[in-house]
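Report on one structure; see the data block that follows.
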Amino acid sequence: MSESPYKSGTTHFGFRDVAAKDKQKLVGQVFTSVARNYDLMNDLMSMGVHRAWKRYYVATAQVKPGDRVLDLAGGTGDIAALLKERVGVEGSVVLGDINAGMLSVGRDRLTNRGLVLGLDYVQCNAEALPFPDNSFDLVTIAFGLRNVTDKDAGLREMYRVLKVGGQARVLEFSEVTADWFKPIYDFHSFKILPKLGKLFANDSDSYQYLAESIRKHPPQEELKAMMGQAGFERCHYKNLTGGIVSIHSGYKL
(Lines of atoms letter the chains of each structure in order from A and count residues from 1; the text may use other names and numbers.)
(Lines give C-alpha, C1' and ligand atoms only; values in the text may rest on other atoms or scores of the structure.)
Protein backbone atom coordinates (compact mmCIF):
# COMPACT_ATOMS: atom_id res chain seq x y z
CA MET A 1 0.00 0.00 0.00
CA SER A 2 1.37 3.41 -0.95
CA GLU A 3 2.04 6.05 1.67
CA SER A 4 -0.82 8.44 2.30
CA PRO A 5 -0.33 11.77 0.49
CA TYR A 6 -1.14 13.49 3.78
CA LYS A 7 1.88 11.84 5.41
CA SER A 8 4.25 12.63 2.55
CA GLY A 9 2.89 16.18 2.47
CA THR A 10 2.52 16.51 -1.30
CA THR A 11 0.41 15.08 -4.09
CA HIS A 12 -0.36 15.84 -7.71
CA PHE A 13 -2.96 18.25 -9.03
CA GLY A 14 -2.80 17.43 -12.70
CA PHE A 15 0.90 17.66 -13.53
CA ARG A 16 1.59 20.08 -10.66
CA ASP A 17 2.88 19.05 -7.24
CA VAL A 18 0.80 20.66 -4.50
CA ALA A 19 0.40 20.33 -0.75
CA ALA A 20 -1.87 17.34 -0.09
CA LYS A 21 -4.03 19.45 2.20
CA ASP A 22 -4.72 21.86 -0.69
CA LYS A 23 -5.79 19.38 -3.37
CA GLN A 24 -9.36 19.00 -2.15
CA LYS A 25 -9.88 22.76 -2.37
CA LEU A 26 -8.28 22.97 -5.82
CA VAL A 27 -10.37 20.09 -7.18
CA GLY A 28 -13.43 21.69 -5.63
CA GLN A 29 -12.75 24.90 -7.53
CA VAL A 30 -12.55 22.95 -10.79
CA PHE A 31 -15.87 21.22 -10.28
CA THR A 32 -17.61 24.33 -9.01
CA SER A 33 -16.49 25.94 -12.27
CA VAL A 34 -17.73 23.12 -14.51
CA ALA A 35 -20.84 22.04 -12.54
CA ARG A 36 -23.38 23.65 -14.86
CA ASN A 37 -21.54 22.38 -17.93
CA TYR A 38 -20.59 18.97 -16.54
CA ASP A 39 -22.35 16.91 -19.21
CA LEU A 40 -20.75 19.08 -21.88
CA MET A 41 -17.38 18.49 -20.22
CA ASN A 42 -17.89 14.73 -20.38
CA ASP A 43 -18.99 14.95 -24.00
CA LEU A 44 -15.83 16.87 -24.88
CA MET A 45 -13.53 14.58 -22.89
CA SER A 46 -15.01 11.35 -24.22
CA MET A 47 -16.03 12.54 -27.69
CA GLY A 48 -19.61 11.78 -26.67
CA VAL A 49 -19.10 8.12 -25.77
CA HIS A 50 -19.46 8.55 -21.99
CA ARG A 51 -23.22 8.00 -22.14
CA ALA A 52 -22.76 4.51 -23.61
CA TRP A 53 -20.00 3.73 -21.09
CA LYS A 54 -22.26 4.69 -18.19
CA ARG A 55 -25.19 2.64 -19.46
CA TYR A 56 -22.94 -0.41 -19.82
CA TYR A 57 -21.39 0.23 -16.40
CA VAL A 58 -24.79 0.13 -14.70
CA ALA A 59 -26.23 -2.63 -16.90
CA THR A 60 -23.40 -4.98 -15.93
CA ALA A 61 -23.54 -4.19 -12.21
CA GLN A 62 -25.03 -6.85 -9.98
CA VAL A 63 -27.85 -4.66 -8.73
CA LYS A 64 -31.38 -5.89 -8.17
CA PRO A 65 -34.74 -4.55 -6.99
CA GLY A 66 -34.68 -3.62 -3.32
CA ASP A 67 -30.92 -2.97 -3.15
CA ARG A 68 -29.43 0.02 -1.35
CA VAL A 69 -26.76 1.69 -3.48
CA LEU A 70 -24.21 4.45 -2.85
CA ASP A 71 -23.06 6.43 -5.90
CA LEU A 72 -19.97 8.42 -4.94
CA ALA A 73 -18.84 11.50 -6.86
CA GLY A 74 -22.36 11.30 -8.21
CA GLY A 75 -22.14 14.65 -9.94
CA THR A 76 -25.19 15.56 -11.97
CA GLY A 77 -26.99 12.33 -11.20
CA ASP A 78 -26.89 10.40 -14.46
CA ILE A 79 -25.48 7.25 -12.83
CA ALA A 80 -27.88 7.58 -9.88
CA ALA A 81 -30.83 7.81 -12.28
CA LEU A 82 -29.80 4.62 -14.07
CA LEU A 83 -29.29 2.84 -10.75
CA LYS A 84 -32.68 3.95 -9.44
CA GLU A 85 -34.37 2.33 -12.42
CA ARG A 86 -32.77 -0.98 -11.42
CA VAL A 87 -33.38 -0.93 -7.66
CA GLY A 88 -37.04 -0.02 -8.19
CA VAL A 89 -39.49 1.38 -5.69
CA GLU A 90 -38.30 -0.99 -2.96
CA GLY A 91 -34.67 0.10 -3.29
CA SER A 92 -32.81 3.33 -2.65
CA VAL A 93 -29.86 5.25 -4.04
CA VAL A 94 -27.69 7.69 -2.11
CA LEU A 95 -25.98 10.23 -4.34
CA GLY A 96 -22.83 11.41 -2.58
CA ASP A 97 -20.55 14.19 -3.74
CA ILE A 98 -18.02 16.38 -1.95
CA ASN A 99 -18.97 19.40 -4.06
CA ALA A 100 -22.15 21.24 -3.08
CA GLY A 101 -22.52 22.76 -6.54
CA MET A 102 -22.43 19.38 -8.25
CA LEU A 103 -24.84 17.93 -5.70
CA SER A 104 -27.28 20.79 -6.27
CA VAL A 105 -27.22 20.27 -10.03
CA GLY A 106 -27.82 16.55 -9.58
CA ARG A 107 -30.74 17.09 -7.20
CA ASP A 108 -32.38 19.63 -9.52
CA ARG A 109 -32.01 17.44 -12.59
CA LEU A 110 -33.37 14.29 -11.01
CA THR A 111 -36.24 16.16 -9.37
CA ASN A 112 -37.13 17.71 -12.73
CA ARG A 113 -37.26 14.19 -14.17
CA GLY A 114 -39.72 13.16 -11.47
CA LEU A 115 -37.17 11.04 -9.60
CA VAL A 116 -37.80 11.84 -5.95
CA LEU A 117 -38.68 8.78 -3.86
CA GLY A 118 -35.84 6.52 -2.83
CA LEU A 119 -33.15 9.09 -3.62
CA ASP A 120 -31.04 10.84 -1.01
CA TYR A 121 -28.29 13.43 -1.45
CA VAL A 122 -25.32 13.61 0.90
CA GLN A 123 -22.36 15.97 0.72
CA CYS A 124 -19.46 13.77 1.75
CA ASN A 125 -15.75 13.13 1.39
CA ALA A 126 -14.97 9.73 -0.14
CA GLU A 127 -12.01 9.41 2.25
CA ALA A 128 -14.25 9.58 5.35
CA LEU A 129 -17.79 8.47 4.54
CA PRO A 130 -20.55 9.35 7.04
CA PHE A 131 -22.21 5.93 6.85
CA PRO A 132 -22.10 2.91 9.19
CA ASP A 133 -20.25 -0.26 8.28
CA ASN A 134 -22.10 -2.73 6.05
CA SER A 135 -24.66 -0.22 4.76
CA PHE A 136 -24.84 -0.79 0.99
CA ASP A 137 -25.28 -3.64 -1.47
CA LEU A 138 -23.36 -1.76 -4.16
CA VAL A 139 -20.98 1.21 -4.15
CA THR A 140 -20.18 2.96 -7.42
CA ILE A 141 -17.85 5.79 -8.35
CA ALA A 142 -17.73 6.99 -11.96
CA PHE A 143 -15.08 9.43 -13.16
CA GLY A 144 -14.40 10.47 -9.59
CA LEU A 145 -11.67 8.32 -8.06
CA ARG A 146 -8.87 10.12 -9.88
CA ASN A 147 -9.85 13.33 -8.08
CA VAL A 148 -9.65 11.76 -4.60
CA THR A 149 -6.46 12.86 -2.81
CA ASP A 150 -5.91 9.60 -0.90
CA LYS A 151 -7.25 6.92 -3.22
CA ASP A 152 -6.27 4.10 -0.85
CA ALA A 153 -8.36 5.69 1.90
CA GLY A 154 -11.26 6.13 -0.50
CA LEU A 155 -11.15 2.46 -1.51
CA ARG A 156 -10.96 1.36 2.13
CA GLU A 157 -14.05 3.45 2.90
CA MET A 158 -15.93 1.93 -0.02
CA TYR A 159 -15.05 -1.50 1.36
CA ARG A 160 -16.10 -0.56 4.90
CA VAL A 161 -19.60 0.65 3.98
CA LEU A 162 -20.33 -2.34 1.72
CA LYS A 163 -22.37 -5.22 3.07
CA VAL A 164 -20.73 -8.63 3.04
CA GLY A 165 -21.31 -10.00 -0.44
CA GLY A 166 -21.55 -6.50 -1.87
CA GLN A 167 -19.71 -5.15 -4.87
CA ALA A 168 -17.74 -1.96 -5.55
CA ARG A 169 -17.39 -0.70 -9.12
CA VAL A 170 -15.07 2.00 -10.43
CA LEU A 171 -15.56 3.55 -13.87
CA GLU A 172 -12.62 5.76 -14.74
CA PHE A 173 -10.51 7.10 -17.57
CA SER A 174 -7.55 4.78 -17.81
CA GLU A 175 -4.47 3.90 -19.84
CA VAL A 176 -5.01 3.49 -23.57
CA THR A 177 -3.92 0.03 -24.67
CA ALA A 178 -3.55 0.57 -28.42
CA ASP A 179 -0.14 2.11 -29.19
CA TRP A 180 -1.32 3.58 -32.48
CA PHE A 181 -4.13 5.48 -30.73
CA LYS A 182 -2.05 7.02 -27.92
CA PRO A 183 -0.69 10.01 -29.91
CA ILE A 184 -4.16 10.76 -31.26
CA TYR A 185 -5.63 10.61 -27.77
CA ASP A 186 -2.86 12.81 -26.35
CA PHE A 187 -3.37 15.37 -29.10
CA HIS A 188 -7.10 15.50 -28.37
CA SER A 189 -6.53 15.72 -24.60
CA PHE A 190 -3.85 18.40 -24.50
CA LYS A 191 -4.31 20.39 -27.69
CA ILE A 192 -7.99 20.18 -28.54
CA LEU A 193 -9.79 19.70 -25.22
CA PRO A 194 -8.59 22.91 -23.48
CA LYS A 195 -9.53 24.92 -26.58
CA LEU A 196 -12.97 23.34 -26.64
CA GLY A 197 -13.31 24.13 -22.93
CA LYS A 198 -12.45 27.75 -23.65
CA LEU A 199 -14.84 27.91 -26.61
CA PHE A 200 -17.88 26.23 -25.06
CA ALA A 201 -17.43 26.88 -21.33
CA ASN A 202 -14.97 29.81 -21.24
CA ASP A 203 -12.75 27.66 -19.02
CA SER A 204 -9.61 26.16 -20.52
CA ASP A 205 -7.75 25.69 -17.20
CA SER A 206 -10.29 23.26 -15.72
CA TYR A 207 -10.25 21.15 -18.86
CA GLN A 208 -6.45 21.17 -18.89
CA TYR A 209 -6.46 19.86 -15.31
CA LEU A 210 -8.97 17.16 -16.12
CA ALA A 211 -6.85 15.91 -19.03
CA GLU A 212 -3.74 15.90 -16.83
CA SER A 213 -5.55 14.13 -13.98
CA ILE A 214 -6.29 11.19 -16.28
CA ARG A 215 -2.58 10.70 -16.99
CA LYS A 216 -1.76 10.74 -13.25
CA HIS A 217 -4.42 8.16 -12.39
CA PRO A 218 -3.14 4.63 -11.65
CA PRO A 219 -3.21 2.34 -14.71
CA GLN A 220 -5.43 -0.71 -14.78
CA GLU A 221 -3.22 -3.30 -13.08
CA GLU A 222 -2.11 -0.87 -10.38
CA LEU A 223 -5.68 0.07 -9.51
CA LYS A 224 -6.64 -3.60 -9.41
CA ALA A 225 -3.83 -4.19 -6.90
CA MET A 226 -4.93 -1.19 -4.83
CA MET A 227 -8.44 -2.62 -4.57
CA GLY A 228 -7.00 -5.90 -3.34
CA GLN A 229 -4.94 -4.07 -0.73
CA ALA A 230 -8.10 -2.29 0.44
CA GLY A 231 -9.66 -5.67 1.22
CA PHE A 232 -11.63 -6.45 -1.93
CA GLU A 233 -11.63 -9.96 -3.36
CA ARG A 234 -12.21 -11.28 -6.89
CA CYS A 235 -10.89 -7.99 -8.25
CA HIS A 236 -10.93 -7.62 -12.00
CA TYR A 237 -11.31 -4.99 -14.69
CA LYS A 238 -12.64 -4.63 -18.21
CA ASN A 239 -11.30 -2.12 -20.72
CA LEU A 240 -13.73 -0.19 -22.88
CA THR A 241 -12.91 1.61 -26.12
CA GLY A 242 -9.30 0.49 -26.20
CA GLY A 243 -8.61 1.33 -22.57
CA ILE A 244 -9.77 4.94 -22.72
CA VAL A 245 -11.85 3.89 -19.73
CA SER A 246 -11.97 0.77 -17.61
CA ILE A 247 -14.44 -0.73 -15.18
CA HIS A 248 -12.88 -2.18 -12.04
CA SER A 249 -14.89 -4.44 -9.74
CA GLY A 250 -14.25 -6.01 -6.37
CA TYR A 251 -16.29 -7.81 -3.72
CA LYS A 252 -16.52 -7.79 0.06
CA LEU A 253 -16.58 -11.49 0.92
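Backbone N, Cα and C define each Cβ position, glycine as well.
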Quick check on the annotation: Swiss-Prot has Asp97, Asn125, Ala126 binding S-adenosyl-L-methionine, so which of Thr60, Thr76 does it put in that site too?
Thr76
Between Thr76, Asn125, which of the binding-site residues has the fewest other CB atoms within 10 angstroms in the structure shown?
Asn125
Do any residues at least six apart in sequence from Asp97 (S-adenosyl-L-methionine binding site), in the same chain, have a Cβ closer than 8 Å to its Cβ, and if so which, in order?
Leu72, Ala73, Gly74, Gly75, Leu103, Gly106, Gln123, Cys124
Spatial neighbours, same chain, of Ala126 (S-adenosyl-L-methionine binding site) - Cβ under 8 Å, 6+ residues apart:
Leu72, Ala73, Gly96, Ile98, Ile141, Gly144, Leu145, Val148, Gly154, Glu157, Met158
